Each structure stands twice: as C-alpha cells, then as structure tokens.
Amino acid sequence: MPKVVVDVMPKPEILDPQGKAVLGALPRLGFDGVTDVRQGKRFELEVAGEVTDEVLARVHEMAATLLSNPVIENFTVHVDEAVADTPDVLS
Amino acid sequence: MKVGVVTFPGSLDDVDAQRAVRIGGHEAVALWHGDHDLHGVDAVVLPGGFSYGDYLRCGAISRFSPVMTEVIEAAGKGMPVLGICNGFQILCESHLLPGALIRNDHRKFACRDQRLSIDNVATPWTASYTQGQEVTIVLKNGEGGFVADTETLDRLEGEGQVVARYVGDNPNGSMRAIAGVTNERGNVVGLMPHPEHAVEDLTGAGTDGLGFFTSLAAAAFA
C-alpha cells in the first residue's frame, strides 16, 4: 500500500514545552551536546491506488484543514516509497 | 433567554454550565454534538472538558462535529457564543476567534483561584461587569497558553478585543497575559478560566463568574 506522510511541526517562534522537557532530560541521561529539541507529529496515510498529484493535493488539503493548525504549526507532505517497498521483516 | 450548552464526547463542565445559565436567569437547553440544529436557542455555551479526548489538538476534532456547523453559521449572524476552556480551544480551531492555545509553558496542569481583570464590557457575556473590574474565578487547564503572532496581538489590543487578562502571576504563559478574547463583532467570546464554577458561594471562590451569565440579559435589553 502506498503511504503518504504528513509531518507537522510547531512553528519556530512558538514555544514547544514538550521539546523543552525532552531537552531537559537528555543531559540527565548523559546525552550531551544537544542544544535544542522540537517535537512534532507524523501522520502516515495509507491510500488506495496510486499516489497521483490529485491525491497529494487532497492530502495537502487534509493537512491544512485538520491535521495541522496553521496558526501554530507548519506541515510537509511526502510519499514514503521505502515503507511501501520494504517487506515486513517482523512477519 | 434560551441558552444552549453543547455536550461533546468528553465534555466535563456541561452540566455546571447549564446550572450557571439557570442561576443567571435563563433557560438552559442541552445540545448534543451530533445535532444538526440549535433548537431555537438565543445563545450558545461551549463548555470545558476534553472533547474527543483532546486527540490531535484540543478542540480540533470537535470543530468539525455537526453542531459546530450550526454554531459557526449562527455566530456569523451575531448570535452570542461563549467558549470556556476547551470551548475556547474549539472556537480558536473553528477560526471564530484568533490565535491558538498551547501547552502551559511550565508544563504542569494549573488549578487555582485566579485573579482576572475584565477589559472589555461591551460583549453580551461581560456587560454586567465594569471596565477594568477585578474578579476571582477558577482556572484549571493544561493547555491554556494563548499564542498569536505579534501583528494579531497588536490588533487585538488595539481594537479592544482582549476581554480578560490575568492579574498577578501568569498561570500558563499566555502572551500578554491574555485570558480571554472576542471576535471583531464582539458576539463570540473565549475564556480560559471557568466562570461557571464561580456562581455559588457554597462551591467555589465566590460568585464573581455569575456576571458572564447575567450579562446576556443586560446585553439583550441594552
């Protein structure tokens, strides 16, 4: 099944308390050298049939309407070919 | 007046809001999120809680429930709409109000009696207060940080669309200490603290929240 991935990230100027909490935990665990963490969301949409430009346009619309809030978040859309082609190693 | 209170899956404060509406002198009408009509109400309250489990973003899924289509249309025609806490989040997600609400800057759930100043008394929900009046009502939220871009914040302040501001400590990192805003027309109000929990001496920090519910009558007959 082809997969379309929507990545949603808080806008750079918006405070990200989740990212801040992770950033605070890293050095406590001995992971030094990280200066910032931003936490976002990833949506994997399985679509029926081929991923045409029309399908991608609809996904953009979904992302702008429901999956992200344009006031506080940015999003990107891409097709995940690797996921679609890789055999499931766990099965 | 007939005041509708919407119950979404996950609403918590709908019954408190109905009670506050009655104590404020109105008839409370229970509305369901799946309703396709507003049953002839004169105003609508979107109550606090965790509608749709706050999945995706607070208020994001509720905004597309059937009743919200009706609420958005009625709000566009001037019907008074008050969103409290989760209701405020739903109104922002609906684009009926500007800005958005994000997780508290200190990352903790805040629950306290909160001092507020009422900075706009020209809305149907605040007409019972005096300009700049300080009140104490309950605040309880995990994602109550009001954010907007600088241009929007300047416009809100310039046009008097800031309805209420936090006095003293900012409980959630809201930009410019904004606790509540209204739309350009002034009929839609979002407020993060909970006036419906401050309408009786027995169960709260006092009755300072009652004005949000008595204001409707004052606004109607003004």
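In case you wondered, yes, glycine gets a Cβ from its N, Cα and C as well.
Counted within 10 Å of its Cβ, the other Cβ atoms near B:Cys85 (active site, nucleophile) come to 28, all protein chains included. As annotated by TrEMBL, active site, nucleophile applies to B:Cys85.
In the three-state DSSP scheme, B:His194 (active site) is classed as strand. The active site annotation in TrEMBL covers B:His194 (among others).
Marked as active site by TrEMBL: B:Glu196 (among others).
Taking only the Cα positions, the spacing between B:Cys85 (active site, nucleophile) and B:His194 (active site) is 7 angstrom. B:Cys85 (active site, nucleophile) carries neither a helix nor a strand DSSP state and counts as coil. Contacting chain A by the Cβ rule (under 8 Å between Cβ atoms), the active-site residues B:Cys85, B:His194, B:Glu196 reduce to an empty set.
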